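J.: Please find one structure pasted underneath; my questions will follow.
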Amino acid sequence: MRGPLGAVLERYPITTEDGGIIRHNRKCRDVAFLVIFIAFWVAMIVNSSFGFNQGNPLRLTYGLDYKGNVCGDKHAHPGLHQLELKYWLNPNQVYQSGVTDSQFKLSNARSICLLDCPTPLEDSLSWVCDYPEGDMHLSMDDWIDRNYDYYEILTSEMKNASLQLQGPCYPVIFPSVNVYWSCQYIARASNASLRHWKQMGGVDIKEDIIVDKSIHSFINSRSSVLKRYMADIGKAWPVLIVCGGLLPLFLSVVWLLMIRYFVAAMPWITVAFFNILIITVTVFYYLKAGWIGNDAISPIIGDHDPYIHVFGRELNHLRAASILMTFIMVLSILTSIAIVRRILMGTSVLKVAAKVIGEVQALIIFPVIPYSILAIFYMVWISAALHLFSSGQVVQNNCNTNCCAYDLLSEKVNCDHCCGYSVRYTPHIAVSIFFHLFGCYWATKFFIACSSTVIAGSVASYYWTRGETSSEVPVLPVFDSMKRLIRYSLGSVALGSLIVSFVESIRFILESFRRKLKVAETTPDSWFGKMVYHTSQGCLRCVEWTIKSVNRNAYIMIAITGKSFCRSSAIATELIMNNILRLVRVNVIGDVILFLGKLFVSLSSAVFGFLVLDTHKYSSGHNKLSSPLLPVLVCWTLGYVVATLFFAVVEMSIDTLILSFCQDSEEHEGTAQFAPLLLMETLNEQNDMQRLT
């Protein structure tokens, strides 16, 4: 029986009189959107160039000294190579910045960069002096060798200024510890140092927990935490390459080969390993959150007093992620149990795909091409993102603070220039970052869509030439399909990927507003308001899922018919609506198994990411991460993207065969003429009903 697509299919036939490959006349489609996509890439290049020109990733990890230099910057004046720790010299300024009604800010307190955090001596008073300048004929190396102390060679005027906490030397009264490359004061003043300080006639130094809290709140501000998360990505780039790129590549290829040769066992293996891995990831989160064992992340870098405990926002974020993973784990296990009885139906569908993978040459190795392109893109994109996040301008603060300090160059106490420096981010930088994020998402969707379309074209060639018995399938149908895509359909793919990216970006923005409203307790109180509120969220998710589904089928019809994106979407939708029962019965379980397979690969990436980041290299010293959370999530995401590229071979093979079967049936009054025998057995309605009952 011919459905409503008869007129369309007659005007744009898929088969030729001799049953050959798709040979009807094609022409370029949706060219305007291809132009938009190219223009967008030009804008991405310009935007990234701005980041590379203005950014400095060192700012994401290390602080600024009182001269505006980034700690650890060897090009600064003076050179600060290896001097990566920010230390506040004047404890009274730190105290003043923590007082509630004080106008003094910690960013204006005098700070320098050191190699390690100083600690008080038990038998004498130790000092930390300013950078050697002027008549202090000391090199930076000599200054470091003297443990930053040249108090003994100061003039009497300089010593008197130092006793007034005006420098150039300042007493070490409080012990300090390296917390995320800033010396955190510990509110436990050394009695011996205080006694020596008072005997020398030094001014009173405030002893209070405020000196601890002031620095702690500065280190744990939201902007500081965000910068550290971004810096973690830069430090963990070898882990991202191995666990987010190479490992999922290997696992995906192995999974495809096992689907090819052990298709009956793969659904069971996938479900079993998926459950094991999701439990493992959840346990790792519990370990790092400190709820199992004593392996919780610590913000303190290097050796420290075991009785000193410092907590950061990162630990709270890990605990929230642990709770979320617990719910996901329970839901996933229950879902996998629910589909156990349906796995046999999914296996029959996978057998058809395995047959096609064996027949169509180069189908397994084709995803390596988009994988390589995406790998290069991600490396450049992440580097540009780090520069964009750090591309603010280092400017002196605008303050009215009266804080005097001895100037070694002018050889006198100067009270005029005591405002510190900070990185100022203009609004256009935030726009650039969001533009950069959207560009990554669109590019990812575009390359995945191109890969899916090429695979669909290859499988369609196999189907419409009776691939099992015909010699008309090209020697390399994958590359023929690539040529058709590049020559005719790039604009259509750009349009489809843009629609998905735009809808998901809108949903993300609305979800962000929803969370802010929830935090502000402005969620509607009435039952009607709550109903509308939650219904709108559900509808938006349904729209997003529908668009994704329509897009995937549209790519198949683009590969088969060569029509524009909108026309292909209409054809695919009509075919699906005319054969909805057949598609639902056969394809749903196969999609679930493939989704679990993607999660299996991505979870493996996350587990290995956890294991590598738990080594000494990333848990202490120069490369210490503030938290494994973001690098693990990036490994998880990259693993999922890689798995999507490779699993599309199976996914698109199934969908293309089913849509081709439906279209074949439409053209030939309900009886498919070109379907392989195994596909006809799988999609036979009578067999399906017997299998269901």
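Note that the numbers count up from 1, one per residue, in the order the chain is shown.
Each residue, glycine too, has its Cβ placed from N, Cα and C.
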J.: From 173-198, 485-510, which range did TrEMBL mark with transmembrane segment?
T.: 485-510
J.: Where, among 236-259, 592-613, 629-650, do we find the most CB pairs under 8 A to the transmembrane segment (320-340)?
T.: 592-613
J.: Of the listed stretches (31-52, 265-287, 485-510, 592-613, 629-650), which one yields the highest count of Cβ-Cβ distances below 8 Å with the transmembrane segment (360-381)?
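T.: It is 629-650, which has the most Cβ pairs under 8 Å.
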J.: Using Cβ distances below 8 Å and needing 3 or more such pairs, separated by at least 6 in sequence, tell me whether the transmembrane segment (236-259) contacts the transmembrane segment (629-650).
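T.: These two segments touch.
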J.: Sequence-remote contacts (6 or more beyond its ends) of the transmembrane segment (629-650), Cβ cut-off under 8 Å?
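T.: Cβ under 8 Å, 6 or more out: 229, 232-233, 236, 239-240, 243-245, 247-249, 251-253, 255-256, 259, 288, 314, 317-318, 321, 350, 353-354, 357, 363-364, 366-367, 370-371, 374, 378, 444, 447-448, 451-452, 455, 594, 597-606, 608-610, 613.
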J.: So which residues does the transmembrane segment (265-287) touch in its own chain, when a touch means Cβ under 8 Å and the partner is 6 or more beyond its ends?
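T.: Contacts with the transmembrane segment (265-287): 255, 258-259, 293, 295-296, 318, 321-322, 325-326, 328-329, 332-333, 336, 339-340, 343, 346-347, 350, 593, 596-597, 599-600, 603-604, 606-607, 610.
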